[in-house]
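Worksheet: one structure, shown below.
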Ligand code: SAH
Ligand code: SF4
Ligand code: F3S
């Protein structure tokens with residue numbers, strides 16, 4: 001029996017593509033292994049959102065060289081976002097001539113054919129499609145066991161934020177047919193999954209390209225009826241298209257969780273405009289106000305970037321002030337990194353590294369203080385926790401997520417795994433909440 005390793009870099013969308021790549025390999029008789037030394041296929045599903053993501057791939061490929069020498073039959077493949085960039089496939093071939101297979105984000109479904117070709121012809125395959133084709137339905141996915149399943153609702157992104165590489169490597173927006181999504185969810189419920197996370201780079205754009213238009217609120221409405229699935233989450237929504245009607249829909253639907261991940265990127269309207277985000281500080285703050293008015297218990301998280309070209313002390317202060325004003329439950333913080341081919345990479349006024357470093361440190365410090373305070377505010381509250389299993393924090397402890405997406409740890413029997421437990425929060429930590437199971 002042949003064996004494979006898939007190493008995934010990047011976002012949930014890539015993680016889910018890897019589940020599909022794995023599904024196709026398993027359908028071909030391959031089995032997953034941990035042992036690079038013995039694997040018949042090592043596939044790197046790559047990310048290029050920042051240089052750090054690419055550097056990880058370069059060093060992983062460098063380390064594979066000696067293994068390829070001792071096991072020349074091993075197929076090494078590189079796929080995903082990185083080779084989809086102009087000129088990158090050629091660069092990879094030149095730097096790592098022992099790579100056998102390179103393909104992009106638009107021809108994932110061809111992996112089995114590529115492998116057959118390499119085995120028959122014994123020569124490298126390099127195939128990148130410049131444009132996406134129709135969405136291919138029905139590909140098998142080898143999902144990791146658990147309660148939570150990722151479901152892609154749309155591919156690509158049309159936003160072209162000036163710093164971002166994603167639209168260039170993932171193509172234009174394409175929405176899946178609602179019926180295909182419903183069907184997939186029914187299958188997931190049959191397989192025992194309790195929670196789905198709907199994936200798209202900007203889920204608010206869902207449906208704009210469908211023959212029979214249905215918007216994201218309409219899709220949520222349709223999916224909320226799915227029997228067997230208890231929770232619905234989504235990633236990522238864009239503040240520009242998020243509106244009060246969608247907030248009301250989310251407030252009304254029982255399965256859609258009260259967690260809003262709304263990447264703000266910057267608190268300065270001037271920088272937001274240069275980023276081409278399509279909203280300003282006031283719009284963002286008014287959205288937060290509406291969320292809190294309709295759903296007082298909602299958790300709000302975000303992505304923030306520091307050091308975008310031209311960001312001065314005043315712009316950064318505006319970001320810090322916005323963080324203080326909104327009081328995010330948590331945030332993912334990033335240092336701006338110029339991506340070749342994006343408009344921002346060519347902007348003058350790139351911010352020096354020392355300033356970026358100082359700003360990210362200040363921002364993380366502030367966010368940690370606020371995250372801790374927000375967690376403390378939950379002490380004494382009751383939370384519905386979908387129990388995922390035994391916690392590695394200590395013996396006899398279980399863990400799961402609250403509807404607001406916070407990790408909750410409490411003492412209980414492991415037979416509770418997969419069920420919803422009611423837990424009183426007794427103590428806040430920065431990264432999780434501690435609680436006591438309420439006996440039913
Ligand atoms: N589609 C999502 C984001 C996907 S990328 C959205 O629009 O919110 C995830 C995060 O990476 C972004 O929110 C942004 O904060 C960060 N990011 C994207 N490009 C970057 C770059 N060039 N340098 C640093 N961070 C970047
Ligand atoms: Fe990138 Fe902007 Fe699209 Fe998000 S919305 S993927 S940040 S271009
Ligand atoms: Fe990275 Fe591609 Fe996702 S660039 S963040 S893996 S869409």
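Even glycines carry a Cβ here, placed using N, Cα and C.
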One of 81, 157 listed by TrEMBL as binding [4Fe-4S] cluster 1 at the site of 11, 47: 81
Around the Cβ of residue 157 ([4Fe-4S] cluster 2 binding site), the count of other Cβ atoms that are within 10 Å: 22
Residue 81 ([4Fe-4S] cluster 1 binding site): secondary structure state under DSSP, collapsed to three categories: coil
Listed binding-site residues with Cβ under 6 Å from ligand 3, out of 81, 157, 164: 81
DSSP-assigned states of the domain 'MTTase N-terminal' (2-120) in counts, ordered helix, strand, coil: 60 helix, 23 strand, 36 coil
Annotated binding-site residues 47, 81, 164, filtered by Cβ under 6 Å to ligand 1: 164
Which listed residue (47, 81, 161) has most other Cβ within 10 Å, given these are binding-site residues: 81
DSSP helix/strand/coil residue counts for the domain 'TRAM' (376-439): 5 helix, 33 strand, 26 coil
